[in-house]
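Trainee: The annotation domain 'EamA' is assigned in TrEMBL to 34-116, 148-287. According to TrEMBL, the feature transmembrane segment maps to 67-88, 100-126, 146-166, 178-199, 211-231, 243-263, 269-288.
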Amino acid sequence: MHADGEVQFPLSFFEQEFELMFHCFNRKVRVKMTFSIFMKIVALSLLEPVIDQNLYFLGMKYTTATFAAAMSNMLPAITFIMACILRIEKINIKSIRSEAKIVGTIITVAGAMVMTLLKGPILHFFGTHGNINHNQQNGGTNLQHVIKGSIMITIGCFSWAGFMVLQSITLEAYPAELSLTAWICLLGTVEGGIVALVMERGNPSIWSLTWDTRLLAAVYSGVVCSGLAYYIQGVVMRTRGPVFVTAFSPLCMVIVAILGSFILSEQMFLGRVIGAIIIIFGLYLVVWGKSKDYNSPRPIIKELSPNNAEHVLPTKQIVEEGNVIKEHFPIIARDEQV
């Protein structure tokens, strides 16, 4: 199921392998693993590294890059709906901040759609003479492939949103971002390898790696786009939630448009500039609406010695001294017994 050098299944496998190598060096944080937590991690490793990535690449093959980009821009809206259904996101229709989160999410998605679908006149900036974007697709794509690709990309987007929401839930019980990322990479490597072996059976040459752009793409995607991204979004997600994290995903289009214009001399259209302004305005509304959701910091884990690895959660206490109310987090000590 590949065509003309498109090797999405082995590429996804190698990507997960480089992610795992990137995170194997961290052994400082250890949190007790339970069966429930492990099953959540298994689900996480299936949702994004395996289902989302493979279906997204296949869907892009069967449709167009523009359609795939437009569908991926729905991630903030899908995540917002999932978080509301699972009561992860706080929504009060009568609150102006909740209204700002809803409106901001809609505006952000709309801005991303404008950037993707609207072109307009070409803008000439300093140093941007404008090459035609090489992501042009052949017009001979038949209807059957378009429908098949659309379904794949849609399932991939829902898997991506589900990954974000489930990662937020898992971090509540397993608050070790880097360790969680390493587990996701490990299980994703195993699962992705099995999928690649099944889908690319009878074609062993596709597993060969040489010093070319394929190797560079696998290393960069594994270390930066997935491994580092999983960890950073986990750190932010523990305090701000999945909606806050996914609200910034359309910002990638703005950054790519700017870098592509100056580095690759791609054409900059007026529609992209308008869409970028809309995205930034929508992000401001989301950030402002979420600014009061978490007034107090989350509990901090205190690491003890490796022989007696206990994680103690400080308990927030409010003490009134005269007319002043103070908040502090005393550390609850646990007696060591042999």
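Yeah, the Cβs are placed from backbone N, Cα and C, and that goes for glycine too.
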Trainee: Which range wins on Cβ pairs under 8 Å with the transmembrane segment (146-166): 67-88, 100-126, 211-231, 243-263?
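Mentor: Out of the listed stretches, 67-88 contacts the transmembrane segment (146-166) most.
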Trainee: What mean pLDDT score does the domain 'EamA' (34-116) have in the model?
Mentor: 89
Trainee: Which residues, given as numbers and ranges, are at least 6 beyond the ends of the transmembrane segment (243-263) yet have a Cβ under 8 Å from it?
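Mentor: Same-chain contacts beyond the ends: 69, 72-73, 75-76, 79-80, 83, 88-89, 101, 104-105, 108-109, 111-112, 115-116, 125, 127-128, 161, 164, 233, 236-237, 272, 275-276, 279-280, 282-283, 286-287, 290.
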